[in-house]
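Read through the structure below, which is laid out as structure tokens, and then see the notes.
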């Protein structure tokens, strides 16, 4: 029985975990039914969560129910399985921080891995080096149960056992030094991984490579939330939360056994409560916001899926100029000659008189269009005039609203300055790329039915 399903970037591969402690990758572009099994990874405990790397479906992040997290790399040059762990310090405070891992997520770029612990800490690892780069304490959070990012990855929302959702602005993390593959030696107690071909041509990984734990500069801070979200009346817990595509709204699914409720907060208006959606009596299990549209999908414990959307009213005035929409029927009194049929001879004579009127072709009035074009073509930059053809050919903004993350605009310069440091991590993820491309098509298999006589 499958307990978890995750899709790759372009939905060609599906990652599933089951109660037999296996993680399986399926290829939906295969010609077989059921789809071909690409790889199988075995663990020694039930799977709590598993996900693909945002840039390469051959890199997996797996969290076990016993509180252990692993990075699994199925690429030929980097093949192995590495456990993520905090540095083993001798002081007592460090031993308290080294609690069990409860939730693990890649950030949207795939550069970092964020892991929540049962002691109220968020531990950040670098995906390439597998080393810890930061540890954040969240005061009063308790056990961390869920993490969610905006598209830019600059803001983080957490769900914890104190029945409170929190939003944070993330700092800039230092880039760890490169780790040559040949310089790492597994501990004596952890033999090298043994890869073999499994059933249906799959690759099965049976052993653990070891643990990479390097001494590096670790950012240790206490994150202060920008906003806290909770239900002060019912004091219900939360099953999950999800950001809107532009990052301006946050939706939280209540963990109420009697109702199906979704709460929405307006992050652009100081996180004020905006609306509550009631989905009936079936308890909510999970919610997710559409990647590009103002739509929310929520699931119930009975297997039903609810789609929430904002209905768009029809505007008939957009189809006819001068058309006026009214809320109620209005009695209209026509003029006496409004619908009279004009004599054809009178119409021809009136048209001839209009054509005989002289036209002044020397006097030009500045129309709004010509004025705006003159202003556009006379615009100067640093004292130099623009070419009118270049100015007119520049793309104009689309009249409709486009989804964007408001947090990315303020940090645009900051993101650009960090692009050079991130190139090494992105290049590592793009090595030996997968075949999950946007143009792939799902192959339809049809079976011929036997004629019923």
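Every residue, even glycine, has its Cβ placed from backbone N, Cα and C.
Matching 168-208, 209-249, 250-290, 291-331 against TrEMBL, the residues noted as region 'Disordered' span 168-208.
DSSP assignment over the compositional bias 'Acidic residues' (422-433) gives 9 helix, 0 strand, 3 coil. For the compositional bias 'Acidic residues' (422-433), the residues of the chain that approach it from at least six positions outside its boundaries are 53, 55-56, 58-59, 75-78, 109-111, 126-128, 175, 178, judged by C-beta separation under 8 angstroms.
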